[in-house]
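According to TrEMBL, the protein carries these features:
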- 52, 55: Na(+) binding site (BINDING)
- 12-30: transmembrane segment (TRANSMEM)
- 36-57: transmembrane segment (TRANSMEM)
- 78-101: transmembrane segment (TRANSMEM)
């Protein structure tokens, strides 16, 4: 049985995981730039370009609004809170990882 068969279908896993990966990588890149491991151009290219392309915040917003419109307020609120909380946590974790490396 695939993992996706065991997960709630109504939770937007693809968007959530893409945003979490982008948050982790962004935290890492920002801290790496602060430590001098990346130049300003490299940091801007990777942070804004790659992480911006990887993250799907517009899709996330659309999904939260769709859940709200469908009167699934608890699910919309949970999705919103989980995305923000885990995203911030992973950003800090990415920064800590970069700091440990450099």
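If you go along the chain as it appears here, the first residue is 1 and each next one adds 1.
Yeah, the Cβs are placed from backbone N, Cα and C, and that goes for glycine too.
Sequence-distant contacts of residue 52 (Na(+) binding site), defined as residues of its own chain at least six apart whose C-beta falls under 8 angstroms from its C-beta, comprise 22. In the shown protein chains, 20 other C-beta atoms lie within 10 A of the C-beta of residue 55 (Na(+) binding site).
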